[in-house]
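Feature annotations, reproduced from Swiss-Prot:
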type: BINDING; residues: His83, His182; note: heme b b562 binding site
type: BINDING; residues: His97, His196; note: heme b b566 binding site
type: BINDING; residues: His201; note: ubiquinone binding site
type: TRANSMEM; residues: 33-53; note: transmembrane segment
type: TRANSMEM; residues: 77-98; note: transmembrane segment
type: TRANSMEM; residues: 113-133; note: transmembrane segment
type: TRANSMEM; residues: 178-198; note: transmembrane segment
type: TRANSMEM; residues: 226-246; note: transmembrane segment
type: TRANSMEM; residues: 288-308; note: transmembrane segment
type: TRANSMEM; residues: 320-340; note: transmembrane segment
type: TRANSMEM; residues: 347-367; note: transmembrane segment
Amino acid sequence: MTNIRKTHPLLKIVSTSFVDLPTPSSLSSWWNFGSLLGVCLVVQILTGLFLAMHYTSDTATAFNSVTHICRDVNYGWILRYLHANGASMFFICLYLHVGRGLYYGSYSYLETWNIGMLLLFAIMATAFMGYVLPWGQMSFWGATVITNLLSAIPYIGTELVQWIWGGFSVDKATLTRFFAFHFLLPFIISALVMVHLLFLHETGSNNPTGIPSNPDMIPFHPYYTIKDILGFLIMLTVLSLLVLFSPDLLGDPDNYIPANPLTTPPHIKPEWYFLFAYAILRSIPNKLGGVLALVLSILILAIVPMLHTSKQRSMMFRPMSQCLFWLLVAYLLALTWIGGQPVEHPYILIGQMASVLYFLMILVLMPLTSIMENLLLKW
């Protein structure tokens, strides 16, 4: 009798994707983050769904509804903090996943990489809109400052901002539409994830060596299912520790003050996972220039495949490129730190230097180093 798993139309898709999928035998723990992102997405959708049952998207009651969830709803506090800190875990996994792709040359799979970039932008948009919903001081002023950046677009900027706001300032209309989009986008993200996996399974996974591993494949189950489950346990343990012991560690205390359009917080800043881009934005004195640098800091990932000049795919056997890669990581960490500091000396200068080095590294130094490595290896 034939196994139903291999004949049933629906089960066959699941089977070829998660059971019988031929997978390189040399995948390291850096390949765990894709499945961890899937777990994060499920956690966010489930906790978000239950939070939406009690949340009201009205400026008069939004802040109080979040307080009500934490105080009066059964296990509402754990849902709220799982959702807030789950977003942080999401971005940690996301940045590690992208970093893995850059290090091991996974961007050679252009369709998978481009869908991944769409996913990155969609997740960033979702997280930004979610941060506005509790309607605290940082929610309100963060929304005002970030949406106002669109006014830098020549000719249509001001009209565009007012169209997004639904009025002349961030108000009830803005909050309602942000809630609607924050609820909708995760389902669009889920669809994009399926397309991402579809393209990945067309080519098969990359591996740490960057060398085709067709002669040495193993089935996904049981080898990588067990490995992924270990990853889930580690991530969920870290998330649980964060939620149960220091739930406000990554948040901003100003968000416990109800939104007040009449008083500005001393230092407006986004959540920690956007600080690197915020630092790049602030390091350019011109408004339009800053907005362009902000967008390009993430959009630069789209041209990374074109800047690949090495004859090798992965950085595993390229020590000079490895040094530059870890310097790039250091610049990103420096930018994250600077984004959380006030705009004063010496932070301004450090931010400007780190911003220039970030772009210089990706656009000039890494491609040149790859060419030099080719020459050293007489390729």
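First residue shown is number 1, and so on along the chain.
Positions of Cβ are set from backbone N, Cα and C atoms, glycine also.
A quick note: this is a predicted structure, and the numbers were derived from the prediction, not measured.
Where Swiss-Prot records a feature, it is marked here on the structure.
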residue: His83; record: heme b b562 binding site; contacts (Cβ under 8 Å, 6+ apart): Gln44, Thr47, Gly48, Leu51
residue: His97; record: heme b b566 binding site; contacts (Cβ under 8 Å, 6+ apart): Phe33, Gly34, Leu37
residue: His182; record: heme b b562 binding site; contacts (Cβ under 8 Å, 6+ apart): Gly48, Thr126, Met129, Gly130, Leu133
residue: His196; record: heme b b566 binding site; contacts (Cβ under 8 Å, 6+ apart): Thr112, Ile115, Gly116, Leu119
residue: His201; record: ubiquinone binding site; contacts (Cβ under 8 Å, 6+ apart): Thr16, Ser17, Leu21
Original post:
Sequence gap of 6 or more, Cβ distance under 8 Å, 3 or more pairs: do the transmembrane segment (113-133) and the transmembrane segment (288-308) meet that?
Top reply: yes
Counting a contact as 3 or more Cβ pairs under 8 Å, with residues at least 6 apart in sequence, do the transmembrane segment (347-367) and the transmembrane segment (288-308) touch?
yes
